[in-house]
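**Q** Before I ask anything, here is the structure I am working with.
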Amino acid sequence: MSNTVVTGEVLDKSIREVVRILEDAVGCTAGPKGLTVAISKPYGSPEITKDGYKVMKSIKPEEPLAAAIASIITQSASQCNDKVGDGTTTCSILTAKVIEEVSKAKAAGSDIVSIKNGILKAKEAVLTALMSMRREVEEDEIAQVATLSANGDKNIGSKIAQCVKEVGKDGVITVEESKGFKDLEVEKTDGMQFDRGYLSPYFVTNAEKMLVEFENPYIFLTEKKINLVQSILPILENVARSGRPLLIIAEDVEGEALSTLVLNKLRGGLQVAAVKAPGFGDRRKDMLGDIAVIVGAKYVVNDELAVKMEDIALSDLGTAKSVRITKDATTIIGSVDSSSESIASRTNQIKAQIENSSSDYDKEKLRERLAKLSGGVAVLKVGGSSEVEVKERKDRVEDALHATRAAVEEGVVPGGGAALLYALSSLDGLKGKNDDEQWGIDIIRRAACAPIKRIIKNSGSEEAPCVIQHLLKQNDKELIYNVDTMNYANAFTSGVMDPLKVVRIAFDLAVSLAAVFMTLNAVVVDVPSKNDAAGAGAGGMGGMGGMGGF
């Protein structure tokens, strides 16, 4: 394997081509009238989706230079997805436009550093303007925000609003596939979520979404650190014989114990995952007790308990209908053995502690525990007549749920690309130090119009320039263009709102990514040599040598 260095016009041309391909594929999904994309799979039928992030991840050019450029862009999109769970499509549209405009500046021989300074100066002004437009989302507007993010599906919007009403704005809402034919159902169940993720990515069962997903697992709870596997070996053996997964919640799992669990998982043995217990000190002890009540565990093993880890039987462990673990959080859904009486008793105990406490801090922490214990979990069950239909609908439900959470967290701004358009007024008095810096400011002025133009284009209309001109003339920052009705309306009365957090992060990341490409002078890429190609072709089973490793 040799490599080559790509620079100059060849590099710039490749960047433009890759960005255009990504924008064409991802941008077509924008807006309520956006189109779907089919993604082929190694096995089975193609997946149909309107999820911009999923489309972007699936694009893997064969040519090494194009693949390297696409990888850089996808990493940025993944940051958008990780931070807010939505906005990838907007991010890709903005990135493509900024890079297109920067390419023109480069071709004209402009100073790239000055242009970059102008772009970053304009970015800060636009972000400040976006913040000034925000307003808190009202409870009756939650359905509208979710509907817009679900590409106009009012059923999804109303069901998400129902979930928020049942478990509260800070409650736990999850999405899972249903075996039934109903499009979408809401099920409220006992459960809890806490801010601790898996201790090793090797525990992941869903590699595409980097999740651990267990059905009907056993749950072992301890306040102690687990360093040696010997102490939990009887538990592991008993659970392995049952054929069910195991979740370990402990102060920590490290050293030999963690490496043994990972090795066992990689070899296809026991389905197991470990997470750290939430909280610290006495609060950790209390929260483990809360979890034990929810999952029906008889013991939380600690130094004060007469029962040792080695003596724990299957009947002493907790159970749940399902468990979902990300790198940051663990969600336990639907206890199996826990009774409503035990949860009621525990909540009454916490309420009494709140009444008797004189510390505001302690009261706040007790209220947090009470909310987690009594709030439960709302499960959005997605069904359909085919696997393709279910997966496409599930993508939209997840996007809508992320958008709803973002709206609750930071508020909303006028939707349909209008917020970025109106934020451009902040650039009117902004002047660059020189012509090239001013060019950078003007690049942001043109790029910020790209999302609304794309949304209008996806609706089948070619009237974007006229629409933009009309919106800016009215001097009303709540006015939007509704592509569903092909008419102008008030953003908040018509329900065409975007979560500020989604717009803000998508814009910020897009400009930052474009700035990276602006100063990119060379890319070193691997090029397969003739000897590599000959070696790969010798012997049809030659590729099996890697089976011995991980």
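Here the Cβ of each residue, glycine as well, is placed from N, Cα and C on the backbone.
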**Q** Among Asp183, Asp316, Asp328, Asp498, indicate the single residue that Swiss-Prot lists for the ATP site containing Thr29, Ala30, Gly31, Pro32, Lys50, Asp86, Gly87, Thr88, Thr89, Thr90, Gly416.
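**A** ATP site check in Swiss-Prot: besides Thr29, Ala30, Gly31, Pro32, Lys50, Asp86, Gly87, Thr88, Thr89, Thr90, Gly416, the record includes Asp498 out of Asp183, Asp316, Asp328, Asp498.
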**Q** Counting Cβ neighbours within 10 Å across all chains shown, tell me which of the binding-site residues Thr29, Thr89 comes out on top.
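**A** Output for this query is Thr89.
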**Q** Near Gly416 (ATP binding site), which residues of its own chain have a C-beta under 8 A away, given they sit six or more steps off in sequence?
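**A** Listed in sequence order, they are Gly31, Ile452, Ile455, Ile480, Tyr481, Asn482, Val483, Ala491, Val496, Asp498.
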